[in-house]
Amino acid sequence: MILVDISNSVTKIGLFKEGELRLLEKIPTAQISFEQTERIAQMYPLEDLILCSVVPQKNLFFEKPFLGRLYQIDPTVPLGIPIHYPNPREIGADRLANAVALSLLYGYPAVAIDFGTATTFDIVDQKGAFCGGIIAPGLSMMTSYLHEKTALLPLVEIKEPSKVIAQSTEEALRVGAVHGYRGMVQYLIEKIKEELGLLQKFIVVATGGGSRLVCSQLKSVDVIDEMLTLKGIRLIGEILIKRKRKDLPFPEGYPPMKGESFPFSLFTHNQ
C-alpha cells in the first residue's frame, strides 16, 4: 500500500508492505509532477494508493496514474474512530489521520500536535473520539511574517537559540520564535487538559517538521513520532480497502504494525 500525505509545504510518500512502514521520499508540494507520480505508479503496479491531501489542486497528479486503485481520505469515509464535531467536512484529512493514529496506536485521552505550515492540535477524548482541536500559525510563519511586514528585521534561520537574552537582532528573533512557541504549546496543552476535566496526565504526541526543535525541551510531550500522519493514513486505508473488497481478509500485518496492538471497529463520522 502506497501512502501519500500532501501538505501545504511538503508531500510525503510512504510504503506499507509486509507489516513494515517506510518513507519512500519527500517532495516539495509545489514541485509535484506527473513524471514523478507516474514513476511511482510504474514501480509499484500492484499497490493501492491512499491519498491524504490538504491541497486539492495537487490531487490530480496522483489520481490519473493510480486510476482504479486510489482511495481518498475525507470525513465521509469510515475512519476507525468516532468523530464528534458539528461539521466534519471542515476537518482536514491530515488532522483525521493524526487523530486515528493517536487513538488507535497511543491510546486516549490524548493530543496530537502537528508542526507544519500551520500547527494543529487534534484531541481525542476519554472515549477515543476525535472531539476538536486548535489551529495556530506555524513556527516559520512567525519569523517570515515579521520579515515581510517590517522594513529592517531580517529573515532568520530557525534553530535552537544559544541563550534567552539575545545580543543581536537575529538571535532576538530566534529566541522569540523558538522559546515563545514552546510557551504557546505548553500553555495550550494545559488548557486542553483543563477543558477536558483531566486531573492526571494525558498522552501528548508531536509530529511534523518542527516537532523535534520545539518539543525536545518540553516535558509535557511524551512522544515525537514523525511518521504519525502516515501511520494514520495506513490505518484508514486498510479500512477502505477491506470495505471495497468484502470477500478478502485483512492484508497481512493488519491491524497492528510490528509492536502495535489495539482494538478495531468500524465507525462512521456521525457515531
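Just so you know, the numbers here start at 1 and follow the chain as drawn.
Each Cβ is built from the backbone N, Cα and C atoms, and glycine gets one as well.
Given the structure is predicted, the values throughout are model-derived calculations rather than measurements.
Cross-referencing THR117, THR119, THR120 against the ATP binding annotation in Swiss-Prot, which names ASP5, ILE6, SER7, ASN8, SER9, VAL10, THR11, LYS12, picks out THR117. Ranked by Cα separation from ARG95 (substrate binding site), the binding-site residues ASP5, THR11, ASP114 are led by ASP114.
Geometry remark: ASP94 (substrate binding site) versus SER9 (ATP binding site), CA distance 13 Å.
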